[in-house]
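Report on the following structure.
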Amino acid sequence: MEELPAVDMFVTTADPALEPPLITVNTVLSLLALDYPDVGRLACYVSDDGCSPVTCYALREAAKFAGLWVPFCKRHDVGVRAPFMYFSSAPEVGNGTVDHEFLESWALMKSQYEKLARRIENADEGTIMRDGGDEFAEFIDAERGNHPTIVKVLWDNSKSKAGEEFPHLVYLSREKSPRHRHNFKAGAMNVLTRVSAVMTNAPIMLNVDCDMFANNPQVALHAMCLLLGFDDEIHSGFVQAPQKFYGGLKDDPFGNQMQVITKKIGGGLAGIQGMFYGGTGCFHRRKVIYGVPPPDTVKHEMKGSPSYKELQAKFGSSKELIESSRNIISGDLLARPTVDLSSRVEMAKQVGDCNYEAGTCWGQEIGWVYGSMTEDILTGLRIHAAGWESALLDTEPPAFLGCAPTGGPASLTQFKRWATGLLEILISQNSPILGTIFRRLQLRQCLAYLIVEAWPVRAPFELCYALLGPFCLLTNQSFLPTASDEGFRIPAALFLTYHIYHLMEYKECGLSVRAWWNNHRMQRITSASAWLLAFLTVILKTLGLSETVFEVTRKESSTSSDGGAGTDEADPGLFTFDSAPVFIPVTVLSMLNIVALAVAAWRAVVGAAAGVHGGPGIGEFVCCGWIVLCFWPFVRGLVSRGKYGIPWSVRVKAGLIVAAFVHICTRN
Ligand SMILES: O=c1ccn([C@@H]2O[C@H](COP(=O)(O)OP(=O)(O)O[C@H]3O[C@H](CO)[C@@H](O)[C@H](O)[C@H]3O)[C@@H](O)[C@H]2O)c(=O)[nH]1
Ligand SMILES: [Mn+2]
């Protein structure tokens, strides 16, 4: 038990406004407090693409607080070690006997945490840089998109008192310059990989998004069981915990809690090459990230250890990085981590430079792969295609918890980014189809990747179907057999079996009918909005007309410990809108289907009175009615006001498009 491999833990944050530093701080504290036999083997690195002195300040304060928090957690065996979560409920008092000493230290710790939270929430850039002295000097001339690398050792474990140790904490903001591509999160992960390589060089790396705190303090130990427990390490190239969320809204109104996907696809993949890499909550073997093939192929492909020159061509010019990668490639899991961190800061800065990757294999054969907004799926795909398998870390209580976006704009932005990234992968040289033909991706694993990568491709087809119903109603035609026709049974049976099957899946996962409906509805909405825009974005990018950008999801901690903020929300499950283009297509379709239903109903009444037959039947009416039901949040948005109403600019644009469509359909 004493000899477990070292783990470097990475946290990424990119924007102090969308990702409040207090959220990052909680995640970091939960990691610093993890149970591990020798915490000297753990190190936490935070990458800040926002280059924010507030984030840096918050982390420095967090490091001070950790000196109290970590010993408290360990002494009282605290269950959830993200303080905001822990203090959101009353202290647990064990089997009836009131432990006064515990209650006292609980109250003390809570007030300390609240002070910390206030300091962080009230911190402002100007004051920090004015009063912070030398410590924040590097931030003075730094612009977010243009500054040299900043590396700060916020806590060096070797300075801990005996019995009160906690892992190293390093702050990092990689060099940015307007002349370079930064590759978003993938770029940040590669810098984290290199910086940690020259500092602690742990053979295992954990990565989490800034909102994904460790909810199970034993998570690193559980991961070790999967990393070390197989007879062959090929079975656990990486170990992925399912993405789960805290404070999830009842019945998943935004269709983004992914419970069924995680259970059904995650469980099913376990029988093939394993769970996809999901970008957060994942333990990687450093050597897998360094492109080392699984053990059974090594003897054929690599003769002896690589030369200095070969390593330099792949990893870049840093001598320390090359030496450290040699240790990793040789596969020594128990190599002692370097201890004197501050002597390594200059080397860390060198490997954080924009130019460092030029002419190397970073972003392709090694590290996180560039070229997709979903660098996670892409990087996991490369690993699976190399022949590695992955293992699912499904612990109870859940390993990590994060926040699922709420509200229309945040949810659709996230779906749009995912769909863009997935389509980018599908048409790239890393596509799973090529991986199956030319590499070692198994056919069924390829099909599983295709399920998600085909999302945006469905959008144009779904759009056509959504237009077909109203087109028929407006032009008095039909595309389905009439109800009296025997052929009608075929579309009716397809419609029913599809929905009943999905409903049963939700029931099997212990979810409500409402949750099924919300997810179904959100899929239709997403398809006509986020996926459709993603599809167009990728086409424009392929034609060289635009670039794709990573839009960070807004994160809010829903369990605010003082309960003050956010209570004015009427219903957080209600769909909200803004004037982004992503809202136009669904608004158009909602209006159009309502208009078509009204026109056809009018015609049916008048026609029946005049004894005319033919035209659309029950099938076309059901199609349009179903669309109106699915798009109900938008129908409601058309008659609501404020952030629950669709903005006038969107309504006007949508109205013009509807008028044009109706005109084209009805002119003779
Ligand atoms: O330029 C950037 C952009 C983002 N991030 C970080 O990347 C993470 C993920 O961003 P978020 O907006 O939270 O995206 P989500 O959609 O919630 O994340 C999922 O999907 C992403 C791919 O689209 C993956 O990168 C994530 O790991 C995965 O959790 C966050 O920690 C960000 O701080 C950076 O470090 N640099
Ligand atoms: Mn996230």
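Every residue gets a Cβ built from N, Cα and C, even glycine.
A TrEMBL annotation is a machine prediction, not a hand-curated record.
Taken from TrEMBL, the feature UDP-alpha-D-glucose binding site covers E19, D49. Around E19 (UDP-alpha-D-glucose binding site), the same-chain residues six or more apart in sequence whose CB sits under 8 Å from its CB are T13, G50, C210, D211, V552, K555, listed in sequence order.
The active site annotation in TrEMBL covers D49 (among others). Other Cβ atoms within 10 Å of the Cβ of D49 (UDP-alpha-D-glucose binding site), summed over all protein chains shown, number 25.
According to TrEMBL, the feature Mn(2+) binding site maps to K185, D209. In the three-state DSSP scheme, K185 (Mn(2+) binding site) is classed as helix.
The annotation active site is assigned in TrEMBL to D376 (among others). A sphere of 10 angstroms centred on the C-beta of D376 (active site) encloses 24 other C-beta atoms.
The transmembrane segment annotation in TrEMBL covers 525-544 (among others).
Residues annotated as transmembrane segment in TrEMBL: 582-605 (among others). Under 8 Å from some Cβ of the transmembrane segment (582-605) lie the Cβ atoms of residues 408-409, 412-413, 416, 463, 466-467, 469-471, 473-474, 476, 525, 528-530, 532-533, 615-616, 620-621, 624-625, 627-628, 631, 634-635, 637-638, 646-647, 650-651, 653-655, 657-658, 661-662, all in the same chain and six or more residues away from its ends.
What TrEMBL lists as transmembrane segment is 617-634 (among others).
Cα-Cα distances to D376 (active site) place K185 within 10 Å, out of the binding-site residues D49, K185, D209.
Listed by sequence, the residues of this chain that lie at least six past the ends of the transmembrane segment (525-544) yet keep a Cβ under 8 A from its Cβ atoms are 255, 412-413, 415-420, 423-424, 427, 455-460, 462-463, 466, 581-583, 585-586, 589, 630-631, 633-634. If you look at the transmembrane segment (617-634), the same-chain residues 6 or more away from its ends with a CB under 8 A from one of its CBs are 408, 465-466, 468-470, 472-473, 478-483, 488, 491, 495, 520-521, 524-525, 528, 574-575, 583, 586-587, 589-590, 593-594, 596-597, 600, 646.
Counting every protein chain shown, the Cβ of K185 (Mn(2+) binding site) has 23 other Cβ atoms within 10 Å.
Secondary structure at D209 (Mn(2+) binding site), as computed by DSSP, is strand.
In the three-state DSSP classification, D376 (active site) falls within a helix. Of all the Cβ atoms in the protein chains shown, 26 others lie within 10 Å of the Cβ of D209 (Mn(2+) binding site). Only D209, in sequence order, out of the binding-site residues E19, D49, K185, D209 have a CB under 6 Å from ligand 2. Cα-Cα distance from K185 (Mn(2+) binding site) to D49 (UDP-alpha-D-glucose binding site): 9 Å (rounded to the nearest whole number).
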